[in-house]
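Asks: Sharing a structure, written as structure tokens. Questions coming.
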């Protein structure tokens, strides 16, 4: 498997529950390195831009409202097969369907307030990382 980068967002519900460190610990135990990170409160414009591909979907406005409801932590994860590994750590989008021990099974409360976002493909990862981070903000850790 190739060394990859992927974008991860700890969403407002998980930040409010104060489980950032527990989620970071899971990344690190899975041999994913955090090579960039920042806490921010997304503006309406930032959230709409990030989720632009969902603009025509019925859940778009609720998603934007939720993602701007409080601070998020955005990070770039790096490692062997990072995209798939992060998706496995997160679990199913709906926490009721997520396997026990996944981030969403343990920390999410609903399909909307589902604790984390992770890139779903190499193309998405590249686009999403670039949306939040300049190259000089990413610190490769070898």
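Cβ atoms are placed via backbone N, Cα and C, with glycine included.
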Asks: In Swiss-Prot, the residues 11, 59, 87, 93, 104 are said to bind ATP. Which of 114, 134, 136 is said to bind at that same site?
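Replies: Looking at 114, 134, 136, the one Swiss-Prot places in the ATP site next to 11, 59, 87, 93, 104 is 114.
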Asks: Work out how many Å separate residue 104 (ATP binding site) and residue 117 (active site, pros-phosphohistidine intermediate) at their Cα atoms, rounded off.
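Replies: Cα-Cα distance, residue 104 (ATP binding site) to residue 117 (active site, pros-phosphohistidine intermediate): 10 Å.
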Asks: Using a Cβ cut-off under 8 Å and a sequence separation of 6 or more, which residues in the same chain sit near residue 114 (ATP binding site)?
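Replies: Counting only residues 6 or more apart in sequence, the Cβ neighbours of residue 114 (ATP binding site) under 8 Å are 11, 13, 93, 94, 95, 104, 108.
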